[in-house]
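Visitor: Take a look at the following structure, please.
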Amino acid sequence: SVVKFRRTGESARSEDEAMCGEHEVRIEGVHRDLEPVELAGGAAVPKEFANPTDDTFLVEDAVEAIGFGKFQWKLSILTGLAWMADAMEMMILSILAPQLHCEWRLPSWQVALLTSVVFIGMMLSSSFWGNVSDQYGRKTGLKVSVLWTLFYGVLSAFAPVYGWILFLRGLVGIGIGGVPQSVTLYAEFLPMRSRAKCILLIEVFWALGTVFEVLLAIMVMPTLGWRWLLLLSTLPLMIFSVLCFWLPESARYDVLTGNQEKALTTLKRIAKENGVPMPLGKLTVARQEDRGKIRDLFSPQFRWTTILLWFIWFSNAFSYYGLVLLTTELFQAGDVCSVSKGRRTMEPRCSFECKYLTENDYKDLLWTTLSEFPGVLVTLWVIDQIGRKKTMALSFIVFSFCILLLLACVGRTALTVFLFIARAFISGGFQAAYVYTPEVYPTATRALGLGTCSGMARVGALLTPFIAQVMLESSAYLTLSVYCCCSILAAIASCALPIETTGRGLQESSHRQWGQEMVGCASHSSERIPRSSSGSQN
């Protein structure tokens, strides 16, 4: 049996031997009845041979050989709990604000500040949690952020006055800023072929969290009140905080920090839980380098990627939360034309005027959140077909087209359909960004890269109320045009990203060469695999 391989990254061999080229390796004594692993090129390699070209293997080789199994299913549920808790803490803002507006007789600006302070906390802390995860480990950063959010989330239920709840919800926002690091940890345990689908399916837990929060509000708010709602909303965080001690540290992170034995123990544990053998050979320790340095995001290799991703994440949050705010306004008015006409004749309302949420309001919230489920399905279908970059671009283009159609003063039915489609695709674009970002950065800066992108998203979430609510009072057409133009620019930015990560393993090092990738070479392998001199270009 002859299997051809192409060497594209670092190994224990010398640089002369590591020159990119095809290598024929004759594997003798291989049992024909071994279960094969199907590779991208259509070749089959026995599971026992994760890297037959050498007596060493990288973490990437081990993760690919072990595959997706029982361990990853457990990790999916645990990561999903973190996302569910995040969604519930965000959804509660739209329920808590009108309740306190009426109960404590708050002016409108104080109600808006109650929402903004959470986003401010998330914006300020996202890079911090990313740095913690790169310096001290993914598990450490995630565990501390979850316990922080749980502690202050419970305390906010006992806030006696407005000043205290404002302060405590701001601290909750700081904790929520670390929840996206669960994606970093999750992605580093996933084989290449399963990564996109698994990360997208985790986003289903976000939609489940928003639906569960609305259902919880329907049952709790009329009888027990908002304090019990805040308390019960921390249940997923409580479950996660207990189960997170089962989480292992990322093997990629351990190898990067020189903790080879711990990484090997983790890989053996995963292989045992999945019921598959470990790869043959010795685990190779990747070159150690500085971790969590912001300057690495702006190195020549990643400068444009970082800048473009920051704008893409900003546009995602700006458009997503803007659409959520616009939906209520447009439904109340009937269409865009009614909003424009109504603003000219509407008498100014007292800032203390309030209205409690009714059962119909909760039902409307429930229906609008359901649009995210088809968004997940569409993204899941296209992301491996057309690639990450084109999926994000497609999401922004469809969103801008639906927003553009709203300018035609459509009826209530068409308005509902366009808003439904727009929210489905902009949420799908957000999910695609969560897949792409951990894939494009190396292990040393992966958590920081995701954290800074998440921070830019919070900037967009902070600014969008001034467009969706304040500017809307002056001109509905101008408001919609801003969202349309922003999403078109984001689509262009998505296409301009230098790297397409579809079908590529996670990068272990920020040095010139990529991590070793094993591709079974039948014919035409040279057409599919870039040479090492170009494989590291960004």
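Just so it is clear, glycine is given a Cβ too, placed from its N, Cα and C backbone atoms.
Predicted automatically and left uncurated, TrEMBL annotations should be read as such.
Quick paste of what TrEMBL says about this protein:
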TRANSMEM  75-97  transmembrane segment
DOMAIN    75-502  domain 'Major facilitator superfamily (MFS) profile'
TRANSMEM  109-132  transmembrane segment
TRANSMEM  144-165  transmembrane segment
TRANSMEM  171-187  transmembrane segment
TRANSMEM  199-220  transmembrane segment
TRANSMEM  226-247  transmembrane segment
TRANSMEM  302-323  transmembrane segment
TRANSMEM  365-384  transmembrane segment
TRANSMEM  391-408  transmembrane segment
Visitor: Where else in the chain does the transmembrane segment (109-132) make close Cβ contacts, counting only residues six or more beyond its ends and a cut-off under 8 Å?
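Guide: Apart from its flanks, the transmembrane segment (109-132) reaches 89-90, 93, 96-98, 100-101, 140-141, 144-145, 162, 165-166, 169-178, 180-181, 292, 294, 351, 447-452, 454-455, 458-459, 461-462, 465.
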Visitor: What parts of the chain pack near the transmembrane segment (302-323), using Cβ distances under 8 Å and only residues at least 6 beyond its ends?
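Guide: Apart from its flanks, the transmembrane segment (302-323) reaches 296, 392, 396, 399, 419, 422-423, 426-427, 429-430, 433, 436-437, 440-441, 445, 449, 452-454, 456-461, 463-465, 467-468, 483, 486-487, 489-490, 493-494, 496-499, 510, 538.
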Visitor: What else in the chain is close to the transmembrane segment (391-408), if you only count residues 6 or more beyond its ends and a Cβ gap under 8 Å?
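Guide: Contacts of the transmembrane segment (391-408) (Cβ under 8 Å, skipping residues fewer than 6 from its ends): 312, 315, 319, 323, 330, 335-336, 379, 382-383, 414-415, 418-419, 421-422, 425-426, 428-429, 432-433, 436, 477, 480, 483-485, 487-488, 490-492, 494-495.
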